[in-house]
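Database features, via TrEMBL:
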type: TRANSMEM; residues: 76-102; note: transmembrane segment
type: DOMAIN; residues: 92-343; note: domain 'G-protein coupled receptors family 1 profile'
type: TRANSMEM; residues: 122-140; note: transmembrane segment
type: TRANSMEM; residues: 152-171; note: transmembrane segment
type: TRANSMEM; residues: 191-215; note: transmembrane segment
type: TRANSMEM; residues: 235-256; note: transmembrane segment
type: TRANSMEM; residues: 262-280; note: transmembrane segment
type: TRANSMEM; residues: 292-311; note: transmembrane segment
type: TRANSMEM; residues: 323-343; note: transmembrane segment
């Protein structure tokens, strides 16, 4: 086979870019004008094929999570309150799950949905906060592409599933107040299992396409993500391809799903209020409203910051990126930490069991 005549080679078109923001640049061979026949014969230098393989979307390198841009010097101190709130979320939800598991009086549909909410909250906070703390305290900014996709999936899946669980809990309260005599016949264990499987499968089907929409993209720009965790559009913006379908899917499908949940919750509580105000006595109305108080608080804590964040991203062009990212991090840790506290304070059955639980623990500690 004859050797490649280097004198006949025209200038090579190359593009230089930085993969991680820390390593030196790499060159990507885009083409050798006039040597198409040599390329077909396999005479292109082997190093260029290796570079093209390493930079392809089939084998993307690690991404770099910056943290909170503009506050890098304060990362160590910012991590302290995040860690404390995360510990509160873990402990509170674990105690809630333990009480619902061991106390037979809490083996009711409402508390079953509440246990599911606690598990989802644990998933939501654990998917993001440990990595955030490792960035703040250890400087562990790298995340692999599969790791980034996994984190993104569980964060988005937990959010959509949380919304669906709140909708199921609203239906539970509607049946309990508007049709109390038929409560046990409507919300049978079989029906509850169908609801749980249905909302879990729906959330899975809504978020799974996000993964494939990112896998198809070639990443040939910077791999630096100005955030503390991976989220769909944040990663898609790094691609060197058209991401219109990513933007439309991310905006339309999950958001419209959550909005439909909100509408159904609003309809449920409208019917609940109509039924409550038709009750003959003041005491009965107070008792009925009291059973819904904790759920309403959790709904407000979940949806208010969520829609604020969405609207701020869409219309808040004057809002700094630092505020967006700080708010996004608080959102995945504060509701999971506050939910068990709200239910512990507002729900009489749980409040009584929590008091007994800590009384027993205090007695054992003294002994």
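Backbone N, Cα and C define each Cβ position, glycine as well.
Nonlocal intrachain contacts for the transmembrane segment (191-215), taken as residues 6+ away from its ends with a CB within less than 8 angstroms of a stretch CB, comprise 57, 109, 112, 116, 149, 152-153, 156-157, 160-161, 164-165, 167-168, 171, 232, 235-236, 239, 245-246, 249-250, 253-254, 257. By the Cβ criterion (distance under 8 Å, sequence gap of 6 or more), the transmembrane segment (323-343) is counted as touching the transmembrane segment (76-102), at least 3 such pairs being found. Tertiary neighbourhood of the transmembrane segment (235-256): same-chain residues 63, 148, 152, 156, 159-160, 206-207, 209-210, 213-214, 217-225, 310, selected by CB-CB distance under 8 Å and a gap of 6+ residues from either end.
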